[in-house]
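> These came from TrEMBL, pasted as-is:
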type     : residues : note
COMPBIAS : 31-42    : compositional bias 'Polar residues'
DOMAIN   : 55-123   : domain 'PDZ'
REGION   : 1-51     : region 'Disordered'
Amino acid sequence: MNDDDGAGGTLLGTDPGVRRHQSMQRLPLDQNGSSLEQNQDQPPHIVPDHRGNLHITVKKSKPILGIAIEGGANTKHPLPRIINIHEHGAAYDAGGLEVGQLILEVDGNKVEGMHHQDVARLIAECFACRDKNDITFLVVEAKKSNLEPKPTALIFLEA
């Protein structure tokens, strides 16, 4: 179910050997260039908190969650990041989760400090658990996070 390439990238609930990355778009475009929502009759269940994080609930409406992540404590990206949302998964149908978001919690379990495979396992186990009809993510946009390393450059000028 999980495909790890050693660089901290994992596909959750997608076909083995299929890899997509940031360049893949979450929503297809119609002829006019507008986004086509899969589930237009129900808006995504998103609750922002006072820190700017988003609590996003995904109904287990499909057999697969359909997200791919990279990152974890043992990689160059300490927080897991969504790198793809598969169009045939529950996450795509629910809306709300977007490529580039950093995952802070899964069903109330903090993921900071967890290794990549442990985060992938947690997500898979929470999605597979039949005690609940949904899975909840606490996410933040990468640009709003102080937890991700920022690119820096030092420039030395001689006078």
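For all residues, glycine too, the Cβ spot is worked out from N, Cα and C.
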> For the domain 'PDZ' (55-123), what's the model's average pLDDT?
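Summing pLDDT over the domain 'PDZ' (55-123) and dividing by its length gives 96.
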> Within the domain 'PDZ' (55-123), count helix residues (DSSP H, G, I), strand residues (E, B) and coil residues, in that order.
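Within the domain 'PDZ' (55-123) the tally stands at 13 helix, 22 strand, 34 coil.
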